[in-house]
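Engineer: The domain 'Major facilitator superfamily (MFS) profile' annotation in TrEMBL covers 36-441. Here TrEMBL flags 34-54, 74-94, 101-118, 124-145, 166-185, 197-221, 259-277, 297-316, 328-344, 350-368, 389-407, 419-436 as transmembrane segment.
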Amino acid sequence: GMVLQEPSGAPSLSAAAGAVCDAAAEVQLSRLRWAVLLLFSSYSLCNSFQWIQYGSVNNIFMSFYDVSTFAIDWLSMSYMLIYIPLLFPVAWLLDKRGLRLIALVGSALNAMGAWVKLGSLKPHLFPVTVLGQVICSVAQVFILGMPSRIASVWFGSHEVSTACSLAVFGNQLGIAAGFLVPPVLIPNVEDVEKLAYHISIMFFMTAGVASALFILVIIVFKEKPPNPPSRAQASIQSRPTAENSFVQSILRLLRKANFLLLMVTYGLNAGCFYALSTLLNRMVIRHYPGEEVNAGRIGLTIVLSGMAGALISGIWLDKTKTYKQTTLVVYIMSLVGMIVYTFTLSLGHLWVVFVTAGLLGFFMTGYLPLGFEFAAELTYPESEGTSSGLLNVSAQIFGIVFTIGQGQIMDHFGTKEGNLLLCSVLFLGTIMTAFIKADLRRQQANLENGQT
């Protein structure tokens, strides 16, 4: 038979095959990834619970501390305000020092803020509760931009969108608990001593959970798995560190037209969600006096249906990779849900509000992980922490503007007019989303490396 002679200096076929096997061996999934994801989701849950725990019983805390509605609203808005200046230092830390340090600092600050709040159990100690909330707000900066980074560093290309959805899932579950638990634990009573006792139960429970989670982060949370979980991640880890200039990365992101469009549209949608969550108690109580517990349940319905939407969106993206089409459809349905909610809130039937709020939450909250994952695709190989951080800055800025704007419109005109502001904002966001080009760079990198 014929013998094939290899040209001198060319690598042998067996050597090439060995190289391919070595490359394949480098990409391996770690069993620890689910524990890391669960732990992150848990302390993210605790932090987001502390964000909304005042707003869901706005009128009770207003009476206890003898402050204005606007002052209680600022306890929620402090999360949005503090995020904006601290994003870049924290994103730089994430880029340079990695996930473990960010996780340790975020969970530690979350526990510290919860313990500080325990020193504010008298009506004249409102500044102490503000301090505790500010510390929790700083902790949020170390939490909010991590879902897509954890998903990329720990999970394979076939499960990365689902993992990102589950990471956001924890944050949303915390908001759900923040709507449900405070109205149950803190009844609307006149006796200040009784009220302080009920508030202390909530603060003690939160501080205990936050401290336990911090200890678990110290023990369990690792920087990254022993092997990269995907070819795209292997490619990033093999690059020299000199290429990963943080400032250059931000400048490159801000020069990408598609990412800028996504940044604005994500901010509009998430800003509407923040405003709606902060002001929900005021809206429901205005039309249904004395229904604090049901106001919390409506908030719970919005978030739980949104969590289902987020999970379904993540699984759908992993199966289809149709980022642009899915994002646009979910945005359109968020607009439809907001319009329906606006015109049914004042009908006088609470069950109708539950249904329409659930429809709105399914799409509006379900959009949040979609934005993170679409951004990671558009901006690969830039750091997911940086792209997520810029999306969140946009969300916080719009969240403050919409919360103040809608609150003022509600005070001077009514809840319907305030909600119409959010409808017009979502309409603008839908049109802008249609102009985003689906330049899926991460997906392309996985395909090209797979062929190689």
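Each residue's number is its place along the chain shown, starting with 1.
Positions of Cβ are set from backbone N, Cα and C atoms, glycine also.
What you see is a predicted model, and the numbers here were worked out from it, not measured in a lab.
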Engineer: Please report, as numbers and ranges, the same-chain residues at least 6 past the borders of the transmembrane segment (389-407) whose CB is under 8 Å from any CB of it.
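Structural biologist: Beyond its ends, the transmembrane segment (389-407) has Cβ neighbours at 69-70, 73, 76-77, 79-81, 83-84, 87-88, 90-91, 144-145, 250, 253-254, 259, 262-264, 266-268, 270-275, 278-279, 282, 371-372, 375, 418-419, 421-422, 425.
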Engineer: At a C-beta cut-off of under 8 Å, are there same-chain residues at least 6 beyond the transmembrane segment (419-436) that contact it? List them, or none.
Structural biologist: 258, 261-262, 264-265, 268-269, 271-272, 275-276, 283, 324, 327-328, 331-332, 334-335, 338-339, 341-342, 345, 374, 378, 398, 402, 405-406, 409
Engineer: Is the count of Cβ pairs under 8 Å between the transmembrane segment (350-368) and the transmembrane segment (297-316), pairs 6 or more apart in sequence, 3 or more?
Structural biologist: yes
Engineer: Looking only at the recorded stretches 74-94, 101-118, 328-344, which one has the largest tally of CB-CB distances under 8 Å to the transmembrane segment (34-54)?
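Structural biologist: Most contacts with the transmembrane segment (34-54): 101-118.
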Engineer: Test the contact criterion for the transmembrane segment (259-277) and the transmembrane segment (101-118): 3 or more CB pairs under 8 Å, pairs 6 or more apart in sequence, then answer yes or no.
Structural biologist: no
Engineer: Out of 101-118, 124-145, 166-185, 197-221, 328-344, which stretch has the largest tally of CB pairs under 8 angstroms to the transmembrane segment (297-316)?
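Structural biologist: Ranking 101-118, 124-145, 166-185, 197-221, 328-344 by Cβ pairs under 8 Å to the transmembrane segment (297-316) puts 166-185 first.
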Engineer: Given the transmembrane segment (74-94), which of the listed stretches 101-118, 124-145, 197-221, 328-344 has the most Cβ pairs that are under 8 Å apart from it?
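Structural biologist: Stretch with maximum Cβ contacts: 124-145.
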Engineer: With a Cβ cut-off under 8 Å, give me the same-chain residues at least six positions beyond the ends of the transmembrane segment (101-118) that come close to it.
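Structural biologist: Hits for the transmembrane segment (101-118): 40, 43, 46-47, 50, 90, 93-94, 128-129, 131-143, 146, 200, 203-204, 206-207, 210-211, 213-214, 217-218, 221.
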